[in-house]
């Protein structure tokens with residue numbers, strides 16, 4: 001009994017300590033010391049009476065640093081972000097959730113960053129001879145080329161960037177692309193070599209690459225291991241000392257840039273904003289420069305890393321606002337928001353997203369069209385780089401024609417529709433935008449191949465297709481194989497050089513159609529996975545293009561029409577009909593699958609009919625009786641062929657993606 005009482009008293013005292021720690025009223029942020037071992041108790045907490053204990057007034061713009069983390073895929077951006085959040089006490093060390101800022105289910109399943117995420121940190125640093133509290137806004141960005149629009153939007157809210165490079169892999173294709181994005185934005189760039197704890201790490205070689213490619217001083221490079229924490233203590237001091245404060249004016253009228261938005265079932269549209277000039281308070285009335293609509297700010301705060309209400313945002317700070325927006329059309333990414341009854345010069349915003357891939361999106365059940373429409377509206381609020389227009393298909397009914405930045409972007413969008421909104425969709429073969437010119441001088445831009453007439457009234461005189469500038473970085477021994485691959489894909493070599501004795505840098509102009517489906521997979525295959533690839537859009541070039549129709553029993557399937565280069569049409573046509581034959585179920589009638597250019601059939605496969613043995617009941621007798629039964633069956637199958645319909649499974653559409 002005595003033992004039980006002792007244990008009971010001990011448990012009571014522990015609970016009391018936890019209760020005191022979690023609910024102790026806090027009055028000032030400066031009471032906390034942010035160390036790597038900071039506990040949950042040392043984080044600023046919300047006060048129910050006064051709204052928040054975080055006083056942003058003590059952080060003038062000189063004490064603010066806005067920076068992002070940019071890198072190639074899998075070079076350790078999200079892990080580095082985790083360590084910095086732990087180092088400043090923003091999250092608990094060993095929180096049990098790696099890649100804390102990757103919040104989407106698709107990000108955790110695929111191990112990639114899809115959405116740029118912002119987190120505000122507080123850090124004390126000895127600056128100009130005295131201990132000073134700094135407010136640091138960290139933005140973790142995606143690394144894949146398809147999400148470069150997210151990176152460009154993130155850089156617009158920053159004055160500096162941490163350029164992370166893997167100590168073993170060195171400079172990769174997206175490292176080059178992201179460096180120039182930051183360089184063109186006039187950002188201070190801090191090179192960070194990560195994963196120096198790996199057995200294959202060679203920091204000196206990577207420093208030489210950074211010097212030769214970007215002219216970055218090797219003495220400015222930080223050596224770290226985000227996994228073990230080695231060298232991380234120098235990252236935040238470097239960010240504070242090398243990155244300039246935000247250039248805005250606190251005395252000017254309010255101007256804030258709308259960086260991102262997402263839909264919340266209870267609050268409506270939540271907008272992520274960067275305050276460029278002036279200050280914003282809860283209850284202020286603001287106006288959109290793009291739409292002219294006015295709103296009242298009902299909530300304002302920072303991401304720490306979850307939403308924490310502060311009641312105010314000052315010049316140079318990045319946070320969120322809730323203003324009662326209910327429609328995705330109201331939250332335009334890149335828009336300038338300002339106080340009502342003030343005249344301001346709108347901010348430049350962002351370059352509009354240039355869609356590289358178009359695909360049809362249809363509900364698996366035709367009656368679910370409105371539900372799919374609602375789901376797409378909600379999702380496009382969180383992904384402004386998708387374009388959506390309504391269209392109809394003879395084969396699939398009402399649906400949408402969506403524009404994406406790349407094939408992975410399209411795949412992630414479909415997965416988010418299914419996971420986050422429960423939508424079941426059928427997607428058509430992805431295409432790129434083409435331009436066709438006719439003898440009467442008219443030009444037709446085609447995003448959906450079904451919209452291109454197979455037998456036009458006017459003579460076709462010219463075709464143009466979009467091209468890209470592709471950057472490829474590979475080990476030297478694979479140069480020959482890659483040159484052969486690019487030649488097969490109609491590529492034109494623009495540049496060829498060596499980064500060092502082991503790695504080659506190649507630049508090609510290639511048709512977008514040739515790389516959009518399986519080029520990257522084939523490139524990885526022939527280089528044993530060592531190649532890195534990135535591309536940016538370029539101008540249109542003249543090409544010999546034809547429309548390839550797929551016919552089932554003589555009827556064209558508009559959802560399967562595609563536009564290909566004339567030299568590749570026979571091969572692509574054969575592959576398409578062969579794949580369809582394996583995926584379409586046999587019917588009680590014969591199915592003829594054809595690929596045709598105009599009225600000329602270039603490939604054909606026949607799917608034989610399922611046949612009932614009508615002679616099973618005949619045990620002998622005259623042969624004319626058997627012939628009569630067979631002729632009767634034959635006539636019935638002709639009639640079924642004339643009125644029968646063919647169901648095409650979704651797997652067939654997915655398999656067609658692999659045919660280029």
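Including glycine, each Cβ sits where the backbone N, Cα and C put it.
Listed in TrEMBL:
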DOMAIN    62-247  domain 'Tr-type G'
BINDING   71-78, 140-144, 194-197  GTP binding site
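Per-residue confidence over the domain 'Tr-type G' (62-247) averages out at a pLDDT of 86. With the fewest other C-beta atoms within 10 Å around its C-beta, 196 stands out among the binding-site residues 71, 196. Of all Cβ atoms in the shown protein chains, 27 besides its own fall within 10 Å of the Cβ of residue 77 (GTP binding site). The Cβ of 74 has fewer other Cβ atoms within 10 Å than any other of the binding-site residues 74, 141.
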